[in-house]
Amino acid sequence: MVAPDKDPREEVIQAWYMDDSDEDQRLPHHREPKEFVSLEQLTELGVLSWKLDADNYETDEELKKIREERGYSYMDFCEVSPEKLPNYEEKIKNFFEEHLHTDEEIRYAVAGSGYFDVRDRNDRWIRVWLKKGGMIVLPAGIYHRFTLDSNNYIKAMRLFVGDPVWTPFNRPHDHLPARKEYVKAFVEKEAGNHAINAAA
């Protein structure tokens, strides 16, 4: 029997359910036993992902194609590390506050790595580990947060449709149209398609 081809994205993006410990947020926080989440499961929550050539991002045709197809006209870089980011302690604390945005959040790790935590339909945290070459899109209205991992460094390309608006709305902001649309598109839609198993 031939093993199915491994998804190349799994080399640069991994996801798992988090434990409830208050230990250092930069630790992996795996559950015991480990409970991994597939990239397909992330897609069902609206989280899109790609594996790209981070060493050649200036000339990468695939990145160009994604930008054109999705209308990402704005681009800049954000380096997050104690040495590179002014007011590092305060910023990392803010990034780790659970929040949502009214637009997509697009991050492409061109160096380093970090964790994007997102909520599943049952409000459980899924930790998404983004490594060099990985790009993810968090949909508008999804509750999420960010932290570095124990390497303490990421250089991320930030993409945006039109002029960038990085405003975070800390939870709860369920009344915002972006949140209502997200719930309708990704939470209620699935509830309608599958009988929800209360024991799950």
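Backbone N, Cα and C atoms are what each Cβ position is placed from, and that goes for glycine too.
TrEMBL entries are annotated by machine, without manual review.
Taken from TrEMBL as is:
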{"type": "BINDING", "residues": "HIS99, HIS101, GLU105, HIS144", "note": "Fe(2+) binding site"}
{"type": "BINDING", "residues": "HIS99, HIS101, GLU105, HIS144", "note": "Ni(2+) binding site"}
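The record gives HIS99, HIS101, GLU105, HIS144 for Fe(2+). Within 8 Å of the mean position of their Cβ atoms, the other Cβ atoms in that chain belong to LEU100, LEU138, ILE142, TYR143, ARG145, PRO168. With a 10 A radius on its CB, HIS101 (Fe(2+) binding site) counts 20 other CB atoms from all the protein chains. In this structure, the binding-site residues under consideration are HIS99, HIS144, and the one with the smallest number of other Cβ atoms within 10 Å of its Cβ is HIS99.
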